[in-house]
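Enquirer: Take this structure first; my questions come after.
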Amino acid sequence: MKDTEKKTEKELVWDECVDILENVKANSFKATLEYYLASDKKTKKAKPAKVKKVKEPKAKAVKPEQVKPTKTTKAPKPKKPKKQGGLISQWKEKLEAPYRTPYVEQKQGMVISIDKMWKHVHGEDSKEQIAILSDVSLEIGYGEIVIILGPSGSGKTTLLNLIGGYDSISLGSCVVANCPLEKCTTEQLLTYRKLNLGYVYQRYNLIELLSAYDNIAISQNLIPKEQRHLDIEELAAKLDIKEILYKFPYEMSGGQKQRVAIARAIIKEPRLLLCDEPTGALDSNSAENIIALLQAINKEYKQTILMVTHDETLTRIANRIIKISDGKIVSNELVRPLS
């Protein structure tokens with residue numbers, strides 16, 4: 001993956017849902033990033049060009065005596081239409097090929113395998129490179145709840161973004177769900193995220209113009225109908241948001257918004273749920289409810305959960321606690337093995 005300009009959280013959310021907005025119930029939604037980011041710019045619709053009517057020349061009448069008799073011949077046999085299946089499958093193959101992710105084997109039971117991974121950024125002097133993650137090696141098993149602790153600027157969110165395929169790896173390897181992220185193109189990373197990831201942000205990042213139902217439906221539409229096992233209304237009932245399902249984000253409390261964001265993340269049944277400070281913007285009661293909810297989700301859906309946080313109280317639900325300082329893992333402890 002090539003280095004790209006750092007995107008805002010809202011732009012990352014937009015990248016994840018822009019391809020499937022046409023499937024959402026809100027017909028009035030204007031699918032442009034500028035409108036989503038509350039830009040004042042207005043786009044003008046181009047007027048259709050006027051098409052001049054062309055008069056067709058009248059056919060000249062032919063007198064009967066001018067028509068010469070012709071010899072009767074046998075009608076040719078109709079040619080069998082050529083089969084188009086081969087061409088269609090080739091065309092489909094060309095369209096899908098750029099999005100097909102590479103595959104490598106992992107140890108049995110492992111969902112994340114990181115080996116000597118580095119992340120460099122350019123400093124104020126463009127010639128100088130600064131390491132914000134250094135020589136990170138890590139293995140995480142399916143179904144673990146992993147808490148990543150560390151002070152601000154230690155590299156916690158960078159690690160989460162690299163695992164999520166939102167940032168490029170400078171050196172080393174990062175294999176998630178058999179997909180080597182360092183070898184992926186931008187298109188392949190999009191497929192990787194659609195198939196494997198759910199992301200919960202600190203500031204919820206719900207689309208303000210859509211109801212809770214439609215915010216969740218955006219994520220559900222990333223997977224084919226035949227692969228959907230969760231119903232939005234049933235999931236909403238489990239997450240205690242059924243009463244606000246058709247309300248808009250501005251009508252919700254912080255805790256309700258975070259529950260909708262979690263529902264949006266897990267509706268497509270991802271293998272990995274990434275949470276960036278999931279309780280950071282909540283009061284203590286709402287935070288406790290979200291902690292209990294994440295624990296219940298892990299138990300019921302067997303999803304691996306990675307949480308970046310400053311809140312050490314979250315460690316009580318962890319299987320694994322990772323501490324990061326100055327871009328290095330200083331501690332990686334399995335505190336509660338999976339049963």
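From the backbone N, Cα and C atoms, a Cβ is placed for every residue, glycine too.
The following feature annotations were taken from Swiss-Prot:
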REGION    41-87  region 'Disordered'
COMPBIAS  42-53  compositional bias 'Basic residues'
COMPBIAS  54-68  compositional bias 'Basic and acidic residues'
COMPBIAS  74-83  compositional bias 'Basic residues'
DOMAIN    112-338  domain 'ABC transporter'
BINDING   G150, P151, S152, G153, S154, G155, K156, T157  ATP binding site
Enquirer: Taking the binding-site residues one at a time (S154, T157), which has its Cβ surrounded by the most other Cβ atoms within 10 Å?
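Expert: That would be S154, with the highest Cβ count within 10 Å.
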Enquirer: Neighbourhood of the ATP site (G150, P151, S152, G153, S154, G155, K156, T157): other residues with Cβ within 8 Å of the Cβ centroid, in order?
Expert: T158, I324
Enquirer: Under a criterion of Cβ-Cβ distance under 8 Å and sequence separation of at least 6, what residues of the same chain contact G153 (ATP binding site)?
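Expert: Long-range Cβ contacts: none.
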Enquirer: To which of the binding-site residues G150, P151, G155 does the lowest count of other Cβ atoms within 10 Å belong?
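Expert: Among the binding-site residues G150, P151, G155, the lowest count of other Cβ atoms within 10 Å belongs to P151.
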Enquirer: Tell me, by DSSP, whether K156 (ATP binding site) is helix, strand or coil?
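Expert: Going by the DSSP assignment, K156 (ATP binding site) falls within a helical segment, counted as helix.
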Enquirer: When you measure from the Cβ of S152 (ATP binding site), how many other Cβ atoms are you left with inside 10 Å?
Expert: 7
Enquirer: Does DSSP give P151 (ATP binding site) helix, strand or coil?
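Expert: Once the DSSP labels are grouped into three classes, P151 (ATP binding site) ends up as coil.
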